[in-house]
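Structure, as structure tokens:
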Amino acid sequence: MICPVIELAQQLIKRPSLSPSDAGCQEIMIQRLAAIGFTIEPMNFGDTLNFWAWRGEGETLAFAGHTDVVPTGDESHWHSPPFEPTIRDGMLYGRGAADMKGSLAAMIVAAERFVAAHPDHKGRLAFMITSDEEAKAINGTVKVVEALMARHERLDYCLVGEPSSTDRVGDIVKNGRRGSITANLRIHGVQGHVAYPHLADNPVHRAMPALNELVATQWDEGNAFFPATSMQIANLQAGTGSNNVIPGEFYVQFNFRFSTELTDSLIKQRVAALLDRHQLDYTLEWVLSGQPFLTAKGALVDAVVNAVKHYTEITPQLLTTGGTSDGRFIALMGAQVVELGPVNATIHKVNECVSAADLQLLSRMYQKIMEQLIA
């Protein structure tokens, strides 16, 4: 008999839910949750499907995740078709197996087992699911959180099923994430002929000292939970493509991954002061993708660590490394937020896969977390 976690994961992987498409994944989950007494509230925005589901009342533990996946790349490089889930040598292959349809299956089956064992559980169990995490992430969790906050919805704990693990399930737990802010800088000059530089003003030449200082700056030293803030230049663009034209404008895009030692407003102030010191003629636009968040300690961290230790006998590392996740939006509700999911070695890659045994373990861990917090 096939494991219910693996069976559900396969059903979800079969759905080609390229972001922001859901391709029917949420309907599968909704039917399973409704069957065990959950109230389902669709919260769709634009081209994105979301739902908020809950059972019980009181102190609230939510499980959050996304049904959308990234593109497959060249399918001829896959050992088996990416939307035909295949088990080989104990590994479940398919796009989304690790990020994050395996986690979704583990959550649903954990909820079914938990409700069967604790039909009158004392707290509230909830699900916050979106199809817009991998792409723009503008009509997904952020909009759901805004709607829930507007009506003063309670959220005490949130477990995000992102693939947090490195070598074995549960070895890494994310108890926070760095903030992310991007600068789109345009430095203005005067276009001209390269043979007559005195009649032009080359913005690339003007910008170089400022960019050198930008790169050399140590923005902070981090703290006990976060590494030092990182600034990386991502894109540069200037010129017409001709070798005899001095460009009239120089575009530079750079990104900060910042710790709780900095704020987005402080970053903006320091960058503007640096550019002004170099007397540049510029325009600057900022895009804030997310604030840093941290759950340093608390009942959720304790429950997650205990669940991992119970099933693996390893003590997970609590880290804040990696990119952003939807946890950055959920933390705005004042909830304790922790990420626990499968091994992330193959996410977004050709031949994405996850250990079938790990998914079974993960589901038991999720159930154990439920039992500790709201049984």
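Using the three backbone atoms N, Cα and C, a Cβ is placed for every residue, glycine included.
Per Swiss-Prot, the features are as follows:
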{"type": "ACT_SITE", "residues": "D68", "note": "active site"}
{"type": "ACT_SITE", "residues": "E133", "note": "active site, proton acceptor"}
{"type": "BINDING", "residues": "H66, D99, E162", "note": "Zn(2+) 1 binding site"}
{"type": "BINDING", "residues": "D99, E134, H348", "note": "Zn(2+) 2 binding site"}
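The record gives D99, E134, H348 for Zn(2+) 2. Within 8 Å of the mean position of their Cβ atoms, the other Cβ atoms in that chain belong to V69, V70, G96, M100, I347. Cα of H66 (Zn(2+) 1 binding site) to Cα of the residue listed as 'active site, proton acceptor': a distance of 6 Å. Take the mean position of the Cβ atoms of H66, D99, E162, the recorded Zn(2+) 1 site; other residues of that chain with a Cβ within 8 Å of it are G65, M100, S103, E133, E134, V160, G161, P163, S325, G341, I347.
Non-local contacts of D68 (active site) by the CB criterion (under 8 A, 6+ apart in sequence, same chain) comprise S17, L18, S19, P20, S21, D22, T130, S131, D132, E133, E134, A135.
D68 (active site) carries neither a helix nor a strand DSSP state and counts as coil. Looking only at other Cβ atoms within 10 Å, the busiest spot among the binding-site residues H66, H348 turns out to be H66. A distance of 8 Å separates the Cα atom of D99 (Zn(2+) 1 binding site) from that of H348 (Zn(2+) 2 binding site). When the binding-site residues D99, E134 are scored by other C-beta atoms within 10 Å, D99 scores highest. Its own atom aside, the Cβ of the residue listed as 'active site, proton acceptor' has 27 Cβ atoms within 10 angstroms in the protein chains shown.
Listed in sequence order, the residues of the same chain lying 6 or more apart from E162 (Zn(2+) 1 binding site) and placing their CB within less than 8 Å of its CB are G65, D99, M100, S103, K174, S325, G327, E339, G341.
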